[in-house]
Amino acid sequence: MQVKTQSCVVAGKKTVAVTEQTIDWNNNGTLVQITRGGICGSDLHYYQEGKVGNFMIKAPMVLGHEVIGKVIHSDSSELHEGQTVAINPSKPCGHCKYCIEHNENQCTDMRFFGSAMYFPHVDGGFTRYKMVETSQCVPYPAKADEKVMAFAEPLAVAIHAAHQAGELQGKRVFISGVGPIGCLIVSAVKTLGAAEIVCADVSPRSLSLGKEMGADVLVNPQNDDMDHWKAEKGYFDVSFEVSGHPSSVNTCLEVTRARGVMVQVGMGGAMAEFPMMTLIGKEISLRGSFRFTSEFNTAVSWLANGVINPLPLLSAEYPFTDLEEALRFAGDKTQAAKVQLVF
């Protein structure tokens, strides 16, 4: 059976369009009608620069990996027509050594929605109808707010970062960079028992959102003195670096106490002068955090059950046919945190 769909496609720098496509449904997997999707930083990079890092757009590609929808057809008796689902954008191979160890985010042959890492590119979820693996569909109650449920993927990233830090109950936590992911980390660590949460950012608007999401103290490093948090080899048990900026990396290392944990979430470039002696001398455990594994299901559960409320981060919603306008607004960080497309 052939299904016609309308898709949000990027073909290069500042070159996007909503185009009609045809997909073949052969009763394998699950056919989903996409209802809503959040615009991520990678979508913006593909639009603004025609690439993410070294991954350049070489052919038209459907954007988007933060999507939810309703089941149209499925090869599984566990999914029924009309079932509301969040779609996990990860499609690991299932048989490499990392998949076998249940570290699927490290899969050596990962296919991730809306990624130009491979060629042919992997189409994303910004399309009216999408055929996916049944295992990628995570059901949630129909009564749940779809604006909330569309935060499942970024919340999964935040929960995974929180898990990378280890035990958080009673810990003092510092978060540098409170864009959407940083703000969701605030909520995640608070849910997991952090006793004190301090957020740092140079944007007053971002700091205000961090406060709404559960931060106790707000700091602007350009204006506020942080020496008292750096004294005696640092104050915080755990720090999260979420901006990727070198000065933020340095600050996190300075305010993290000896034998504390720093989780690197922000994606930045190489640092010419990384403070190696601070890391070594204070015996800080530096841990990377990349995407998620089982945390996607956790995120769906948290959102469906009202464990956290991400809606303060929702700045605007657009019909998917206004794709370029939505991308332009989402790229204006003086106004936008999270922008969603409605299908």
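Numbering starts at 1 and runs along the chain as displayed.
Note: Cβ is positioned from N, Cα and C throughout, glycine not excepted.
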### Query
Which of these, His65, His160, His163, does Swiss-Prot say binds Zn(2+) 1 at the same site as Cys40, Glu153?
His65
### Query
Are there any residues in the same chain, six or more apart in sequence, whose C-beta is under 8 angstroms from the C-beta of Cys40 (Zn(2+) 1 binding site), and if so which?
Gly64, His65, Glu66, Glu153, Pro154
## Note on the structure
Those same-chain residues, other than Cys93, Cys96, Cys99, Cys107, found with Cβ within 8 Å of the centroid of the Zn(2+) 2-site Cβ atoms are Pro92, Gly94, His95, Lys97, Tyr98, Ile100, Glu104, Thr108, Asp109, Met110
## Note on the structure
Taking the centre of the Cβ atoms of Cys40, His65, Glu153 as the Zn(2+) 1 site, the remaining residues of that chain with Cβ inside 8 Å are Gly37, Gly38, Ser42, Asp43, Gly64, Glu66, Val67, Pro89, Phe113, Gly114, Pro154
### Query
Which Cβ among the binding-site residues (Cys93, Cys99, Cys107) has the fewest C-beta neighbours inside 10 Å?
Cys93
### Query
What count of other C-beta atoms do you get within 10 angstroms of the C-beta of Glu153 (Zn(2+) 1 binding site), across all chains shown?
27
### Query
Per 10 Å Cβ neighbour count, which of the binding-site residues His65, Cys96 ranks highest?
His65
